[in-house]
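These notes concern the structure reproduced below.
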Amino acid sequence: MTKLGFLRLSYEKQDTLLKLLILSMAAVLSFSTRLFAVLRFESVIHEFDPYFNYRTTRFLAEEGFYKFHNWFDDRAWYPLGRIIGGTIYPGLMITSAAIYHVLHFFHITIDIRNVCVFLAPLFSSFTTIVTYHLTKELKDAGAGLLAAAMIAVVPGYISRSVAGSYDNEGIAIFCMLLTYYMWIKAVKTGSIYWAAKCALAYFYMVSSWGGYVFLINLIPLHVLVLMLTGRFSHRIYVAYCTVYCLGTILSMQISFVGFQPVLSSEHMAAFGVFGLCQIHAFVDYLRSKLNPQQFEVLFRSVISLVGFVLLTVGALLMLTGKISPWTGRFYSLLDPSYAKNNIPIIASVSEHQPTTWSSYYFDLQLLVFMFPVGLYYCFSNLSDARIFIIMYGVTSMYFSAVMVRLMLVLAPVMCILSGIGVSQVLSTYMKNLDISRPDKKSKKQQDSTYPIKNEVASGMILVMAFFLITYTFHSTWVTSEAYSSPSIVLSARGGDGSRIIFDDFREAYYWLRHNTPEDAKVMSWWDYGYQITAMANRTILVDNNTWNNTHISRVGQAMASTEEKAYEIMRELDVSYVLVIFGGLTGYSSDDINKFLWMVRIGGSTETGRHIKENDYYTPTGEFRVDREGSPVLLNCLMYKMCYYRFGQVYTEAKRPPGFDRVRNAEIGNKDFELDVLEEAYTTEHWLVRIYKVKDLDNRGLSRT
């Protein structure tokens, strides 16, 4: 038999090949597990914000960067409009357009929509690779491979990176971990080269997502802790000063960011730590030149003077408005009740709600239990890099509890620390395995004081293997059932187990596009603005950007008012059509009736809506009901009438009266009414979307037609 010598590799080469194979499999798994939605439905954009991102990306790919940067969108926020180039983070769009043009350069003809659909899964594969390298810097390659495999399927990250989820977070998590990796390399080496690469990665992060504020506060916090623990060195000084100076200059090139890095409160911590670095370096220089007594006197004097000057200058700048205060979302992170009490538009967003305990297990499963193990290992073997990952883990744990959206920021560090924890447990017990045959064991070995060492080690390894397998099954199930359903196309199981598709949203937008005038203005709640603009190509009053609370409040006032009062508002805003989402027939719970109280709160939050009181829409016992016991104010408002018009004659379930709402589980209280100021224009197949046309003004005393 011929010996195949070329297959005989050295141990080092086998090790490298195995690592490459495992990492490649993790990257492929990361991409493929996010394709459930495409396989089950089709290549379609999900949710709401991604439709705006897709629309702007398409404009960039077709018109070029110059027109994109100077684009004024007259289809949004009528009659105000919106400047697109200066009000978005363009990293996502530029990345997609660049990939699109590169593929076309090589004559790979792919539609820009498909580039957008598959971008997040592609970057999740890149995230897997970066996670491996980052974890390797913290422990070793084994921990890195485990962390990479974990982040490939962790539901907390998949929720924002499935195929079709074309949002900023799809590439931002990759940018964030890349910045962290470069930062740790810069801290370890003290090299300007790595620090400059960290600044470039940070620039990419700034261009992609507003969450960059977390980075520019976490890195300075890391430096501050290193100072307080006596670990500050020349390496840290070079790394941070380079990252801060270069990163700040680069970040200011993003139009939406502008001068915020030197003017806003969110960035002042980074600037303050930069100043502390200079003071620390100067103090070290003086210490080397003066005797201890002279240094002590000078040090106290300088610190007192500098501290007083900084506090005075900072207070003056904030009082005069030179340094802008924290934004509402930032206040909400520090005080979870702030948005609920002061800014209802922020509190109304579901992803801004506090996280429930069950969400942690649902999105992280095994990682919840292995995270403390990895944290313990890092505390037991402290280094500059491990202090950073500890701080990342602790801070992201807090922020994820305040806002469910930030589970996305927590998921990567959970994978990293869990990978370290699992790796440490397996390494510890692997050493206790005895793979020699029992009959060849020496008597000395058999009489050991730890006779069942091998059995305990085998048991622990099997337990860890079982938990890792259940984690994989759980993650795959959550991905398939919870995070792979595009909100634009809904599905349900029929009585015979078959899948029923509800395509009402696209049906309604298609009708709007082809059956309404080009200059028609559509009023809907802000959730659906991006979809209407992108798919129906019609002008809308408010959308998901939510930059003008007064304008949104005006729409809320119209929805919460009687027909007569609402008609005045609609004529004032030049509304042609009104669109509402209604789930009473199909059982769709995310409809406008369930969102209605937020319309009331936001509508009543401005001066023009002071007459709208939330308590008026409750029963005397404090209940929100749509049946006969419901508040008369609710039963006669515009939103109620648009949703339930003609619904009183519809049978929704067997043995139930007509007009039975399957979401609220109640027979509606106001059935027999007609619309005075609106006329029904279109209702989709399953009544999910209802469109009404606003009647013209009275003509010399005649009724509206």
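Including glycine, each Cβ sits where the backbone N, Cα and C put it.
Membrane topology per Swiss-Prot: Arg231 and Leu406 sit on opposite sides, carrying different topological domain names. When Asn381, Asn548 are compared in Swiss-Prot, the N-linked glycosylation site annotation sits on Asn548. Swiss-Prot names Asp167, Glu169 for binding Mn(2+). Of Asp15, Asp49, Asp363, Asp384, the residue it gives for the same site is Asp49. For the ranges 72-79, 232-239, 392-399, 592-599, the feature annotated in Swiss-Prot as motif 'DK motif' maps to 592-599. Using a Cβ-Cβ cut-off under 8 Å and counting only residues 6 or more beyond its ends in the same chain, the transmembrane segment (18-38) has close neighbours at 44, 46, 117, 120-122, 124-129, 132, 141, 145, 148-149, 151-153, 158, 161-164, 475-476, 479-480, 484-486.
In this structure, the CA atom of Arg405 (dolichyl diphosphooligosaccharide binding site) is 22 Å away from the CA atom of Asn548 (N-linked glycosylation site). Taking the mean position of the Cβ atoms of Asp49, Asp167, Glu169 as the Mn(2+) site, the remaining residues of that chain whose Cβ falls within 8 Å of it are Glu47, Pro50, Asn53, Arg160, Ser165, Tyr166, Asn168, Gly170.
Residues near Asp167 (Mn(2+) binding site) in space but far in sequence (CB under 8 A, at least 6 apart, same chain), listed by position: Glu47, Asp49, Pro50, Asn53, Leu92, Ala120, Arg160.
Here the listed stretches are 120-138, 141-158, 234-259, 386-402, and the one with the most C-beta pairs under 8 angstroms to the transmembrane segment (212-228) is 386-402.
Long-range contacts of the transmembrane segment (120-138) within its own chain (CB-CB distance under 8 A, at least 6 residues past either end) are made by residues 23, 26-28, 30-32, 34-35, 144-148, 151-152, 157-158, 160-167, 170-171, 173-174, 177-178, 180-181, 184-185, 188, 378, 385-386, 389, 412, 415-416, 419-420. Measuring Cα to Cα from Asn544 (N-linked glycosylation site), the recorded positions that fall within 10 Å are Tyr530, out of Glu169, Tyr530, Asn537.
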